[in-house]
Amino acid sequence: MKFSAPVLAIFLASASAQSTAELAAQIPSCAQTCLATAITGAGCTAGDYACQCGTSQNTITASATPCVISACTSEEALNTQRTTSQICALVAAGSASSPSASSSASASASSSASSTSGAASASASASSSASSASAAASALTLAHPIPNPSHPPSPTIQTNLRKKVRNSNRLTPASLSSVSSALVSSASSVRASASSAVSAATTAANPAATTAAGVKEEASFFIPAAVALFAVFAV
């Protein structure tokens, strides 16, 4: 069993007010020793109700509760809880009528107002931060939009992709070098054949010279054609 009242620890040997004395008389005898020990341990005296119901209240309650539970019946423990609560209520009512108590109440109200204001400011700051984060996320999405599969690339992008594919299918530098070497070799062979034919034509009859001239013309035609073919492959 655990007490929920603010005070379980008031032991009254004497009282300065009749109402407080009447309440003190209602505390079960089984709880008085427990309360007296807890009050002394907290640094208060038996008749110092301001101390017992003030800053030492939690200490007295924590110390007296286990003792009261073990020493009293459930009914007696409940009566102790109810009576000590009423005594502290009378102490609080008497303190509230003094100027110092009014000052304390005002300070407490001011502190509560400050706490409320601080909480409101923190809430506004958090809301502002959330708005800023949302705006930043929107700006990032606009600057770097996520591709949408339902919207195909624009015609310009498709054209660029086709160019890249077409360029990738062209001859590589190694292939172009091989083709160039083959064309040069073929041209050299034709040129050598033409030269041999011309030399033979100078010592042979006119029909042979005519044949050599024809071979030379074929060689002259083949070489430019080979160069043109090489240019086509190089594109």
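Glycine is treated like the rest: Cβ placed from N, Cα and C.
Feature annotations, reproduced from Swiss-Prot:
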type	residues	note
SIGNAL	1-17	signal peptide
DOMAIN	18-114	domain 'CFEM'
DISULFID	Cys30-Cys72	disulfide bond
DISULFID	Cys34-Cys67	disulfide bond
DISULFID	Cys44-Cys51	disulfide bond
BINDING	Asp48	heme binding site
DISULFID	Cys53-Cys88	disulfide bond
LIPID	Thr211	GPI-anchor amidated threonine
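What Swiss-Prot annotates, mapped onto the structure for a quick look.
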residue	record	DSSP (3 states)
Cys30	disulfide bond	helix
Cys44	disulfide bond	coil
Cys51	disulfide bond	helix
Cys67	disulfide bond	helix
Cys72	disulfide bond	coil
Cys88	disulfide bond	helix
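Mean per-residue pLDDT, taken over the domain 'CFEM' (18-114), amounts to 79.
If you take the C-beta of Cys72 (disulfide bond) and look for same-chain residues 6 or more apart in sequence within under 8 angstroms, you find Pro28, Cys30, Ala31, Thr80. Less than 8 angstroms from the CB of Cys67 (disulfide bond) sit Ala31, Thr33, Cys34, Thr37, Ala38, each of them six or more residues away in the same chain. Contacts of Cys44 (disulfide bond) defined by a Cβ separation under 8 A and a same-chain sequence distance of 6+ are given as Cys51, Gln52, Ser56, Ile60, in order along the sequence. Ranking the disulfide-bonded residues Cys51, Cys88 by other CB atoms within 10 A of the CB puts Cys51 at the bottom. For the residue listed as 'heme binding site' paired with Cys88 (disulfide bond), the C-alpha to C-alpha distance reads 11 Å.
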